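Trainee: A single structure is presented below for examination.
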Amino acid sequence: MTAGAMIGAVISGRMTDFIGRRLGAWLLDLGRLSLGIGFGLTCYVGPAYLAEIIPKDIRGLLMSISQSMTGYGASLTFVIGSFVTWRSLAIIGCIPSLLLLLALFFIPESPRWLDYIENQRLQQNSDDNVLNLFRRKYLHIVIVGVGLMVVQASGGLYGFMFYMSEIFDSAGISSTLGFILVAVLQIPLIVLSAALIDKFGRRTLLMASATGQCLGCLLTGLSYFLQELDWWKEASPILALIGVLVYMGSYAFGMGGIPWIVVSEIFPINVKGSAGTLCNLVSSFCSWVVSYTFNYSFSWSPAGTFFIYAGICGFGVVFIAKLVPETKGRTLEEIHASLTRIMQ
């Protein structure tokens, strides 16, 4: 997949010169689709693999470091993308993908997965079916996993990311400056999150992150509200910039990676495949809804759009406080036993 993406990126420019822009646009769409497929696979498979091989005492730390690489990559992309064309950026993006593909040949398979496959060969039975996820003993963890994906993806991230230039421009801020500030801010917050996750736990960091996202949406919405009323015009661009920085920084601190860590920890291995598929599908669907509707809702009411996202993030704080279990310092087997016992 990544090799195909690399080849497509290399030949896309010249090919459009020979066969026209219409087919070239199709290649661009296929490239983005391929990128989405790869991203969808790694979002869950990576954390699930790490959760199964890392000792419990450092699981949160190492998984946070791994998940933080997405944030570092995004920050680096923001900076590089401010100085090169998107075509050059696409080709540069092939390099880490190819390195990852080559490195995968040198890592071992998950011991827990190997044990599970062996047990399946001997027993010939499995709960790993999507319909079985809705049995009473799994219902709580399904609600937690799916709920975290909904809160993470529906809180406006892809609206901020895909239309950040438009947000900065409409607020009267240089988009290049805005991208660089976002990139610089995210890196220390990601490091701080990795350092604190095994000390304060997943729930605490998730609630702090969702609270910060809610505040960032409110500030961004308020800046547009003031613009609509033609009040305090000199302050509204500053509010928009602060709102975006607070939102993106808060997302990097917790909601960016920790939901995937929790989802990879709470599902027993006999339903992990189906559960991962369901959570990943919900995440991708909610992300698509946000990215598809943002332009329309932003045209309808910029302030109203961000106030809606603030409400979703506020709901996320309550959801995490009430339903999400703490998993720090426990083996996967201890987590699974305690969670499935709740609903029996």
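Residue numbering: from 1, along the chain as shown.
Backbone N, Cα and C atoms are what each Cβ position is placed from, and that goes for glycine too.
From TrEMBL, here are the annotated features:
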DOMAIN    1-328  domain 'Major facilitator superfamily (MFS) profile'
TRANSMEM  30-50  transmembrane segment
TRANSMEM  62-83  transmembrane segment
TRANSMEM  89-107  transmembrane segment
TRANSMEM  138-164  transmembrane segment
TRANSMEM  176-197  transmembrane segment
TRANSMEM  204-226  transmembrane segment
TRANSMEM  238-263  transmembrane segment
TRANSMEM  275-294  transmembrane segment
TRANSMEM  306-324  transmembrane segment
Trainee: Take the domain 'Major facilitator superfamily (MFS) profile' (1-328) and average the pLDDT across it for me.
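Mentor: PLDDT averaged over the stretch: 81.
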Trainee: Can you tell me which recorded stretch out of 62-83, 138-164, 204-226, 306-324 has the most Cβ pairs within less than 8 Å of the transmembrane segment (275-294)?
Mentor: 138-164
Trainee: Given pairs 6 or more apart, does the transmembrane segment (176-197) have at least three Cβ pairs under 8 Å with the transmembrane segment (306-324)?
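Mentor: No, these stretches are not in contact.
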Trainee: Looking only at residues six or more beyond either end of the transmembrane segment (204-226), which have a C-beta under 8 A from one in the stretch?
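Mentor: Cβ under 8 Å, 6 or more out: 148, 151, 155-156, 167, 170-171, 193, 196-197, 232-233, 235-240, 242-251, 253-256, 258-259, 262, 302-307, 309-310, 313-314, 316-317, 320-321, 324.
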Trainee: Give residue numbers and ranges for long-range contacts of the transmembrane segment (238-263): same chain, 6 or more residues beyond its ends, CB-CB under 8 A.
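Mentor: Distant contacts of the transmembrane segment (238-263): 43-44, 47, 51, 60, 63-64, 67-68, 70-71, 144-145, 148-149, 151-152, 155-157, 160, 164, 167-168, 171, 173, 178, 181-182, 185-186, 189-190, 192-193, 197, 202, 205-206, 208-213, 215-224, 226, 275-276, 279, 306, 316, 324, 327.
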Trainee: Please indicate, using numbers and ranges, the residues of the same chain that are 6 or more beyond the transmembrane segment (138-164) and have a C-beta under 8 Å from a C-beta there.
Mentor: 74, 127, 132, 175, 178-179, 182, 206, 210, 213, 217, 244, 247-248, 251, 255-256, 259, 262-263, 266-267, 271, 275, 278-280, 282-284, 286-287, 289-291, 294-295, 298, 305-306, 309, 312-313, 315-316, 319-320, 323-325, 339-340, 342-343
